[in-house]
Amino acid sequence: MEHNSSNFIRNIIKEDIESGKHKEIITRFPPEPNGYLHIGHAKSIVINFGLADEFNGKTNLRFDDTNPSKEDQEYVDSIKEDVQWLGFEWDSMLYASNYFDEMYKRAILLIKKEKAYVDDLTAEQIREFRGSLTEPGKESPYRNRSIEENLDLFERMKNGEFENGSKVLRAKIDMSSPNLNLRDPVIYRVSHAEHHNTGDKWCIYPMYDFAHPLEDAIEGITHSICTTEFEDHRPLYDWVVAECEMENVPRQYEFGRLNITNTVMSKRKLKQLVDEGYVDGWDDPRMPTVSGLRRRGYTPEAIREFVKETGVSKNSGTVESAMLEHFVREDLKLKALRTMGILRPLKVVITNYPEGQVEMLDAENNPENPEMGTRQIPFSREIYIEQDDFMENPPKKYFRLFPGNEVRLKHAYFIKCEEFIKDEEGNVVELHCTYDPETKSGTGFTGRKVKGTIHWVDASQAVPAEFRLYEPLIKDEELEAAEQSGEETTFLDHVNPNSLQIVQGFVEPNMKDVKAHDKFQFFRHGYFNVDPKNSTPEKPVFNLIVSLKSSFKL
Ligand code: ATP
Ligand code: MG
């Protein structure tokens, strides 16, 4: 599918190929394994893998695992699963930690070139000495240590002689640079932490700004694509590659992050939602994680098309969540079987239908896609309809059931409401209706018209089912209003209390054999996915993917 949306990085790559600067394009997707991937990462995946595919290049999946205290194998596994599920294949799977020896050597090279020094200032002092946008930085008193002393101290840092935070290795660049990132950035720190890959081999770890360009250079990455918060780091990226005398010279390009309304898009915040029990894990269907969207029922196609439509530009715009919904609706429209499910059941007895009789009716599986064929559904004396398809005292223009009114039952007959029964609390618990055998669907009956068509499920064979209905996780407007009023507040104060609602209803008997991730359109309700964790053959569980209608226009 062609997209009109801009992609300035594609143009750069095209020029680089045409000018002969690169014969082959190599990109990488470099997640830090400190959480599950979210749809913002999906955008980065689509860009990196997509561009390499387009130009017959390669993409590495590289775990940027330089911060052992926050990283975990569970995250590594989930990231691999998600990238594959999105439909991409990596050329090599790599870990930044595989290059720790090489990085250490390059750090020593910097020391020998008097381009790096061991500093004893505390983190707080380093921050103080850095200055600000309006004030130049101050040089550390340790800045002019001799090469020998630096080599000795750095080795002893590596050997575990120093406490966390007591010493760092800093690049020696320029404390008065207008770019704060160049004011002698820290490139190695002491951290006595087990690493998921290298165990206890290291107690010093490279900082992102030092590690990342080296990783890219070692792998021969041609275009290192990241998000705009790293734009100001690019001079440092180039400095590291040049001063470390790397053979391959990768170039960094930045695009704007993807944000979506009514949710949060940061692993740190998503982890808080998980850890503090606001949601049921990283793959909770309300989460904007790839695994949450998958469990909700989103398809890789829908996510890819959505991401492409958001384009690649320098601006990090916030996209309406309705746009994401639009793409899954589009994808499922012709694929999902259209069936009937009752979310809030009300029993109807069809008093003039013979007791004990069951007939099978033809129902088309998808009127927009006739190739999907038809199925047979039972009809008998007792059925379930939705509670809100009956009103005792309807307002004007209510065309569904009320005393004396006639409606069409989808795929079946006209029925007319004769009587309703209430329980002691005054709730309507049962309707008595009559049907007209002449009005059978598909027989071409034209005798009279009715204004309403409602759905139903045969009560004698209905399968009990659970429906999980979702609303947006975060109330954006409420959060913004609170922030603007100057209130102390965080997104956690504005988690939507109605983000999950569970109802117990019924589905057609042929839904007994549904499998995890089967997707359906329940007539008049929306698209639903069979929950992969909690659904059973006795009682299927359906997650609402998206409702049917939207005012969203592309
Ligand atoms: P988060 O802030 O959610 O933790 P991150 O940038 O720290 O995200 P990484 O694991 O470092 O997460 O990200 C891997 C890649 O995904 C990076 O290249 C990053 O730029 C990209 N990425 C992360 N979030 C987004 C987003 N919202 N939109 C586009 N790309 C993103
Ligand atoms: Mg990060």
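Any Cβ shown, glycine's included, is placed from N, Cα and C.
Predicted automatically and left uncurated, TrEMBL annotations should be read as such.
The domain 'Glutamyl/glutaminyl-tRNA synthetase class Ib catalytic' annotation in TrEMBL covers 25-333. Across the domain 'Glutamyl/glutaminyl-tRNA synthetase class Ib catalytic' (25-333), mean pLDDT in this model comes to 97.
Counted with DSSP, the motif ''HIGH' region' (31-41) comes out as 3 helix, 1 strand, 7 coil. Residues annotated as motif ''HIGH' region' in TrEMBL: 31-41.
Around the Cβ of Glu32 (ATP binding site), a 10 Å sphere holds 17 further Cβ atoms from the protein chains shown. Under the heading ATP binding site, TrEMBL lists 32-34, 38-44, Thr227, 257-258, 265-267.
Here TrEMBL flags 264-268 as motif ''KMSKS' region'.
For 336-436, the entry in TrEMBL reads domain 'Glutamyl/glutaminyl-tRNA synthetase class Ib anti-codon binding'.
According to TrEMBL, the domain 'tRNA synthetases class I (E and Q) anti-codon binding' annotation covers 453-531.
Nonlocal intrachain contacts for the motif ''KMSKS' region' (264-268), taken as residues 6+ away from its ends with a CB within less than 8 angstroms of a stretch CB, comprise 32, 34-36, 38-40, 257-258, 288, 473-474, 491.
Cβ environment of His41 (ATP binding site): Phe29, Pro31, Asp82, Val290 lie under 8 Å away, each six or more residues apart in the same chain. In this structure, the binding-site residues that sit close to ligand 2, with a C-beta under 6 angstroms from any of its atoms, are Glu32, chosen from Glu32, Asn34, Ile39, His41, Lys43, Thr227. For ligand 1, the binding-site residues lying close by, meaning a CB under 6 A from one of its atoms, are Glu32, Thr227; the full candidate list was Glu32, Asn34, Ile39, Thr227.
Lys43 (ATP binding site) falls within a helix when secondary structure is assigned with DSSP.
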